[in-house]
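**Student:** Let me give you the structure first, and then I'll get to my questions.
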Protein chains: 2
Amino acid sequence: MAVSPLAPAAFPDLPVIEGVRLATVAAGVKYRNRDDVMLAVLDPGSVVAGVFTRSATRSAPVLDCQAKIGQESAAGAAILVNSGNSNAFTGAAGQASVDAICKAAAEATGLPAERIFTSSTGVIGQPLPHDRIIAKLDEVVSKVSRMELPNAAKAIMTTDTFPKGASRTITVDGKTVNIAGIAKGSGMIAPDMATMLVYVFTDARISRAALQAIVSEANARTFNNITVDSDTSTSDTLLMGATGASGVDVDGNADFAQAVEEVFRELAHLVVKDGEGATKFVTVNVTGAATDADARTHALSIANSPLVKTAIAGEDPNWGRIVMAVGKSGAAADRDRLTIRFGDILVAEKGWVSPDYREEQGAAVMKQPEISIDVDIGLGQGAATVWTCDLTHGYISINADYRS
Amino acid sequence: MAVSPLAPAAFPDLPVIEGVRLATVAAGVKYRNRDDVMLAVLDPGSVVAGVFTRSATRSAPVLDCQAKIGQESAAGAAILVNSGNSNAFTGAAGQASVDAICKAAAEATGLPAERIFTSSTGVIGQPLPHDRIIAKLDEVVSKVSRMELPNAAKAIMTTDTFPKGASRTITVDGKTVNIAGIAKGSGMIAPDMATMLVYVFTDARISRAALQAIVSEANARTFNNITVDSDTSTSDTLLMGATGASGVDVDGNADFAQAVEEVFRELAHLVVKDGEGATKFVTVNVTGAATDADARTHALSIANSPLVKTAIAGEDPNWGRIVMAVGKSGAAADRDRLTIRFGDILVAEKGWVSPDYREEQGAAVMKQPEISIDVDIGLGQGAATVWTCDLTHGYISINADYRS
């Protein structure tokens with residue numbers, strides 16, 4: 001599959017995170033001739049936080065992570081991820097596979113089983129051939145090293161068209177703290193649905209509860225505000241590990257929280273830029289709503305509207321569809337107070353097209369690969385930002401033309 | 001544009017509704033060489049009921065209809081519809097156009113202005129050239145006759161690929177009561193959005209309040225349960241007029257209410273079958289939900305899911321995407337209690353694919369032009385049915401490839 005036209009020129013240089021060692025291995029879960037299992041081992045004293053899909057039909061690995069994520073432990077931890085099979089909707093066999101993998105990984109790493117966090121992404125509804133993963137555990141454990149994040153970003157890909165990584169380095173009291181993460185996005189592997197997996201590591205020292213609070217808040221502002229096609233995976237997982245190896249305590253440090261959010265946002269944007277068939281990266285800013293929640297409802301209604309997304313694909317400055325999406329969202333709006341901008345161009349205000357607006361202005365904005373749509377509701381102070389992509393023939397081809 | 005592959009072979013024979021006279025005329029609002037204005041005149045003593053889009057950015061004609069629909073009057077009524085311009089998001093000029101049209105139509109018909117109901121469908125955000133409509137009012141009034149429903153069905157089309165009509169005739173106490181209606185659907189006229197307009201007439205005698213109750217209930221079970229792309233028009237309007245010309249009182253008559261619902265359902269299905277790019281007509285039945293509302297939430301989540309709709313377009317029996325759509329809906333579900341059927345084929349049960357299911361069975365169902373997806377949630381007695389179509393390259397072409 002062709003690399004997304006929105007892909008960055010190269011995978012970024014990521015800092016080494018002391019206290020985390022990674023390796024990848026080819027277990028042949030489904031793919032051949034590529035690494036499909038990633039292992040990250042975090043040193044004793046590390047804490048792990050996470051957020052997960054809210055789907056009512058979430059996968060066995062997600063349920064297992066959720067049962068473990070709130071536990072305190074000084075024993076270290078491991079994150080084991082396979083691509084090729086999502087172990088979702090696999091009945092009682094699903095949890096049995098997770099249990100078998102965790103037990104074997106605990107033996108191979110010397111960690112307690114309740115410190116093994118697993119994710120699976122790929123085909124749904126087929127039993128996970130967990131023996132293939134277990135057979136490779138000793139090999140992957142023996143290979144772990146500090147420099148493997150780029151390879152890890154590749155091993156977790158399904159039909160992503162490029163690996164995704166981001167990092168920030170901040171200085172706290174004259175000492176360096178590093179944050180680096182990888183993600184996989186909305187690539188599709190028939191007959192499965194898109195799955196978002198995100199793993200972020202830092203050498204900061206922080207309590208589990210404080211890290212969880214930062215992760216939850218940053219997630220709410222980043223990954224929870226992206227949408228490719230409004231469909232929610234059964235397997236979405238974000239895990240963040242803090243090793244403390246820098247010796248720098250960041251509990252309550254706003255710069256650290258900010259840097260985490262920046263890494264999350266950058267990874268979230270990369271997921272959208274690899275959205276199926278995407279040719280445009282779209283930022284929807286809603287201001288002036290009655291509440292922040294209303295603003296998010298409007299923004300998601302715009303970002304998920306097939307008519308808005310196809311207009312963007314056609315480079316059509318179709319502000320009528322923005323009006324429609326605001327109107328249908330269910331959140332408070334007054335037709336005659338709406339203001340709509342494409343980029344810097346004032347398109348509509350006071351319930352009608354702006355008298356100075358000319359179609360060529362909007363059309364010029366729409367030709368750009370990155371587009372912002374700004375809507376002021378005119379009712380209050382509520383604001384929200386959502387990121388999405390366009391809806392193209394490429395999306396239909398990926399999801400309809402090729403049979404499972 | 002090619003006629004939808006789901007179109008019926010012919011427009012149906014509709015009974016004459018005594019007390020309603022119709023005509024159409026070419027006013028050149030936007031289209032050339034076709035009738036684009038429809039007038040229906042209802043005799044004195046007729047009652048009118050209606051339901052309208054819930055959009056917060058609804059059009060001026062919708063707001064005007066809503067202000068009038070609850071009033072009692074024995075003066076008769078008129079319904080005046082134009083295609084080519086929706087008079088939506090046109091600021092204060094929008095209501096001024098409606099007022100000018102209603103005033104002129106009142107003079108031309110001899111009816112009070114508050115008994116003139118108007119609808120407009122077509123381009124959004126452009127001032128309605130209402131003078132063109134007003135200039136043709138005397139002509140269209142002079143032409144009204146009892147036999148013009150088929151032409152009316154054509155005059156309200158935008159890019160619908162076929163005109164839509166349906167009827168029922170029932171016998172009450174040995175006398176005949178007729179119900180006949182027309183609709184336009186989700187044809188697209190750039191740069192506008194789909195608009196659904198429905199006009200149904202009957203010669204039954206009934207109070208306004210009783211007719212409104214029947215219309216609201218039937219609408220909730222039919223038009224409110226169809227979705228093409230989850231986008232809601234600013235102009236959706238359904239008006240039903242009862243002339244009483246049959247002399248048959250149907251207040252409280254369950255057969256009449258049932259027949260109205262059947263006409264609504266048939267028209268609603270025709271709207272879906274003319275959905276943009278549609279190649280499959282899909283019935284989503286959800287049973288066993290905790291409540292009826294939960295069942296509808298699940299059914300709409302399935303029917304609106306781009307991944308489900310593209311799978312259907314690809315004739316792919318992709319039950320994993322049904323699981324995903326149930327999981328993301330937000331309504332109560334338990335992965336291990338779901339049962340999924342494609343047509344008569346049991347696909348998945350108890351949290352996993354059915355042991356007897358073979359992919360060829362599901363694939364055979366998916367090749368049909370009309371497909372049912374039945375999901376039992378396994379939690380309670382809630383049930384709902386939603387109708388939709390698939391998501392195809394045709395949808396993208398109509399909405400993205402052709403610039404406004």
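Glycine too: its Cβ is placed from the backbone N, Cα and C atoms.
These came from TrEMBL, pasted as-is:
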ACT_SITE  B:T195  active site, nucleophile
BINDING   B:T158, B:K184, B:T195, B:E276, B:N399, B:S404  substrate binding site
**Student:** Which secondary structure state does DSSP assign to B:K184 (substrate binding site), in the simple three-class scheme?
**Tutor:** strand
**Student:** How many other Cβ atoms are found within 10 Å of the Cβ atom of B:E276 (substrate binding site), counting all protein chains shown?
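**Tutor:** Around B:E276 (substrate binding site), other Cβ atoms within 10 Å: 27.
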**Student:** If you measure B:E276 (substrate binding site) to the residue listed as 'active site, nucleophile' at Cα, how many Å is it?
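**Tutor:** With distance taken Cα to Cα, the residue listed as 'active site, nucleophile' is 12 Å from B:E276 (substrate binding site).
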**Student:** Just name the recorded positions among B:T158, B:K184, B:T195, B:E276 whose Cβ comes within less than 8 Å of a chain A Cβ; none is a fine answer.
**Tutor:** none
**Student:** Could you work out which of the recorded positions (B:T158, B:T195, B:N399) has its C-beta surrounded by the smallest number of other C-beta atoms within 10 A?
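**Tutor:** Sparsest of the recorded positions B:T158, B:T195, B:N399 by Cβ contacts within 10 Å: B:T158.
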**Student:** Using a 10 Å cut-off, grab the number of neighbouring Cβ atoms around the Cβ of B:K184 (substrate binding site), all chains included.
**Tutor:** 29
**Student:** Distance between the residue listed as 'active site, nucleophile' and B:K184 (substrate binding site) at the Cα atoms, whole Å?
**Tutor:** 8
